[in-house]
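Trainee: Sharing a structure, written as structure tokens. Questions coming.
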Amino acid sequence: MSAQPEPGPTGVIHDIGYRNYDGPRYGRQQIARALFWHSLRGVYGLGRSGRSKVLPMLLLGVMCVPAFIIAVIANVGAIGLDDLPAPYTRYAVMTQGVLTIFLAAQAPQSVSRDLRFKTIPLYFSRPLERVDYVGAKFAALTVALFALLAIPLLIMYIGALLAEFPVGEHTADVALALVGALVFAAVFAGIGLVIASMTARRGFGVAGIITVFALSFAAVSSLQGIVGEIEGDMTAAGWIGLFSPVTLVDGFQVWVLGASSSAVAGPPGAAGGVAFVLATFGVIAGCWALLMLRYRKVFAS
């Protein structure tokens, strides 16, 4: 008697109400644009819980307070000023502590959460390339930092106009300062994202960013003071400025925008100016390359 063949596996399809999607399917550009806006809104807590909005909005307010005070002082008739108490191009250096705290709080929020909750494969399951992801995150944080610097500069500019300072002169000055603010934002965003992308732990990213920016600025400023003012070698003191993001971009502003240096010593001569410009763009390009390398490893894993 031959063995009866075993029945094949059977199954039942249950209709639980899912419907096919018949709408438009977006391509790379639309997805990257949506990721950019989502990341930019997330930096300021928009579209998130109320608690997520407190710190970025508070820091934005703190950034605007000195600008408002400068604008008020410029409009007090008893003082008799003929210009703003502080130049536009120096504002980023004056408030670099607040800028660093903002970056340390928001750069990990932008990338560390994706690493921690392993949502990167979900992004790359769509027609989205590594360059799109990195570009969207980089651009979003740069724009957020630029807004953090641009709003106070515009407050100062409005104060200058209300004080009836020369319109043409201040319009040109604030335009140059906005260019400098954009470079500050790009350098800070690049370094912050590189540090934050190295760990899925947000706390580690926060500590790493604050450590890099605070220690580098303190060390460079101290060394410049010792070498330049005590030893009397301002040329060597100027070269030391290459080793802090804050003094690096400040030197860029001095050479390219004609600003006055906020550091102990600015770029030493023409060679120093060229070196500061190349180093500034080199930092931005290097951060981009490191982010691309980092997410190639994440995608491969």
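Count begins at 1; order follows the chain as displayed.
Each Cβ is built from the backbone N, Cα and C atoms, and glycine gets one as well.
Just so you know, TrEMBL annotations are computer predictions that nobody has curated.
Okay, these came from TrEMBL:
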{"type": "TRANSMEM", "residues": "58-81", "note": "transmembrane segment"}
{"type": "TRANSMEM", "residues": "138-162", "note": "transmembrane segment"}
{"type": "TRANSMEM", "residues": "174-198", "note": "transmembrane segment"}
{"type": "TRANSMEM", "residues": "204-227", "note": "transmembrane segment"}
{"type": "TRANSMEM", "residues": "239-258", "note": "transmembrane segment"}
{"type": "TRANSMEM", "residues": "270-293", "note": "transmembrane segment"}
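In the displayed structure, how are the listed features positioned relative to their neighbours?
Mentor: Sequence-distant contacts of the transmembrane segment (58-81), counting only residues of its own chain at least 6 positions beyond either end whose CB sits under 8 Å from a CB of the stretch, comprise 44, 91, 94-95, 98-99, 101-102, 105, 148-149, 151-153, 155-156, 158-160, 162-163, 165.
Long-range contacts of the transmembrane segment (174-198) within its own chain (CB-CB distance under 8 A, at least 6 residues past either end) are made by residues 87-89, 91-92, 99-100, 103-104, 107-108, 110-112, 115, 137-138, 141-146, 148-150, 153-154, 156-157, 205, 208-209, 212-213, 245, 248-249, 252-253, 257-259, 280, 283-284, 286-288, 290-291, 294-295.
Within the chain carrying the transmembrane segment (204-227), a Cβ under 8 angstroms from the stretch's Cβ atoms is held by residues 96-97, 100-101, 103-105, 107-108, 112, 188, 191-192, 195-196, 198, 233, 236-238, 240-241, 243-247, 263-265, all 6 or more beyond its ends.
With a threshold of 8 Å between CB atoms, the same-chain residues lying at least 6 positions outside the transmembrane segment (270-293) that come near it are 130-131, 134, 137-138, 183, 186-187, 190-191, 193-194, 197, 235, 238-239, 241-242, 245, 248-249, 251-252, 254-256.
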